[in-house]
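**Student:** As listed in TrEMBL for this protein:
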type: DOMAIN; residues: B:42-285; note: domain 'ABC transmembrane type-2'
type: TRANSMEM; residues: B:43-62; note: transmembrane segment
type: TRANSMEM; residues: B:82-103; note: transmembrane segment
type: TRANSMEM; residues: B:124-153; note: transmembrane segment
type: TRANSMEM; residues: B:165-186; note: transmembrane segment
type: TRANSMEM; residues: B:198-224; note: transmembrane segment
type: TRANSMEM; residues: B:257-277; note: transmembrane segment
Amino acid sequence: MNNIALPDAVVSVRDLAKRYGAFEALRGVSFDIHRGETFALLGPNGAGKSTTIEILEGYRDRSSGAASVLGTDPQSGGLEWKSRLGIVLQSTGEQGDVTVRDQLAHFASLYPNPRGVDETIAAVGLADKARTRIRALSGGQRRRVDVALGIIGRPELLFLDEPTTGFDPEARQQFWSLVHQLKAEGTTILLTTHYLDEAAQLSDRAAVIAGGELVAIGAIDEIGGAEARVPLVRWTEGGTRHTERTRTPAGTVASLSARLGAEPTDLEIYRPSLEDIYLDLVRENAEAAAAEIDADGPTSPTTRPSATDPITEGASA
Amino acid sequence: MTALAPAASPARTPLGSSIARTLRLGVLRAGYEIRVYFRQADAIFFTFLFPVLLFGIFSVAFSGQGNIGTAPDGSGGISQGAYYLPGMAAAGILLSGVQNLGVDIANERSDGTLKRLAGTPLPVVSYFLGKMGQVLVTGILQLALLIVIARVAFGVELPTDPAKWLTFAWVFLLGIGTSAVLGIAISRLPRRGKSATAVIIPIVLVLQFISGVYLSFTMLPVWLQDVANVFPLAWLAKGMRSVFLPESFASAEAGGAWQLGTVAVVLLLWLVVGIVVSRFTFRWIRKDS
């Protein structure tokens, strides 16, 4: 498993599997993340996103398969390795008895080449909260502290696990511009998010995980295949809604308009968004899984005990 | 949000010498931990002020019973306050280390603090040093407060012999170090942060009752004394009694003497046990099986 990495791959995963007892949280997941790339990992709750990201961060051990992160097996990553990572975990419940500035200054001291503390606080938009205790911040503001702690060490590889949960729209926009700056610096980023517009806005490539398996991977404007992106023309005729998939929507509208001899009612030309494509992928996977369970009977070992990601504490059970 | 300054250089900076770095970060952690400690009202009350409070209560509650160790004619002896001072000093050392760290670290494991630290290049030993530094500083402040209140508010006579204070210094340092590492070790016991106080406080409380902190040690049945003597608190309390009680009280001790050699050996043994158990069982997070 030492030689699986491509020369420019910052993260390499081959046939990754994770089992909790009889439950297979991940099965045969393989992908690479290239240097400087922003890679989004998408999928419903409980699909295996967090399990994957936590295996790569070194928090969980894999059951089988191979993984390489910055050229190191994350199961045996040492301090030198950790100093090159930035980790923004899903939200935590720390006490927060220190001020934003004290917390950032302390974490900066753990890294060999940290960013400036005030500069980082300003970059996440908390300059006017620098002297406030973290416990007194709102949820969205605390999340910004998490992001600041993730980037304070000037990481080569940054993990962002649902980073914008609890952000207001303005904070999300600001966060996006911060990520664009980090990308411009050459930071490689692995992002999970439930906001498909965020994934489309920030990432170069994406993978969709559903039911513990990788169901699609590709450039953000190609994922799901060309067929899924064919535009739709919709209009209302005689009280019913019509939809036509076509590669030549302008021609379709022209001939429709000629045929009707009038302006078509409620006309729209619709190009499927990443969200539409994603939802189709997840739906197809769920239908396939349901068919599989029907075939196997209700005792299939892939039946999942809960619909949520295994959380840290629960995972010890 | 403002723009980030561009990266200084893409070249990696190495972490540097590991021992020097571990010590430097340990000192930084200690400063951070002490600041956090004094911002937590519950920690201050239950571990910092508790022995002082109990001392006050005992001294007042039992003052009507007159002095202890008086001559047959009722003269001499020492006040109830003077009698309880060494026990409370030992209890403070136990609370500052075992109870404070046992609960604190279990909570940090539960609330995500340790998970976050696990993702940084902080050495585990630096984290330990930070906790031990916090225990040392708060332990010193706590004992200083206890002794000052005993002297000023309750008129307890303090030893004047420098040799007694030398004994005090080594018993304190050995005791606080042992208590700190045992606190780190015991933090593995609670499965969840919420149950931390329920798991750890009874252990600490029972130990105090059987180790001569609240009750005079020699009034306990011998078998219970034998049980207590396995643990460090009974010896810590005995060491403190040798400092604060008059020499004439030595004959009332089990074995009829202060037995400072045994105090040192038992505390050292527990210190080593605590270090070994902490170092080899500590995990930032509970990894799944």
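Backbone N, Cα and C atoms are what each Cβ position is placed from, and that goes for glycine too.
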**Student:** Which range out of B:43-62, B:82-103, B:124-153, B:165-186, B:198-224 gives the transmembrane segment (B:257-277) the most CB pairs under 8 Å?
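**Tutor:** Of the candidates B:43-62, B:82-103, B:124-153, B:165-186, B:198-224, B:165-186 scores highest.
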**Student:** Under a criterion of three or more Cβ pairs within a distance under 8 Å and sequence separation of at least 6, are the transmembrane segment (B:43-62) and the transmembrane segment (B:124-153) in contact?
**Tutor:** yes
**Student:** Could you tell me what the rest of the chain brings near the transmembrane segment (B:165-186), counting residues at least six beyond its ends with Cβ under 8 Å?
**Tutor:** 89-90, 93-94, 96-102, 104-105, 128, 131-132, 135-136, 139, 143, 159, 200, 203, 232, 236, 239-240, 242-243, 260, 263-264, 267-268, 270-271, 273-275, 277-278, 281-282
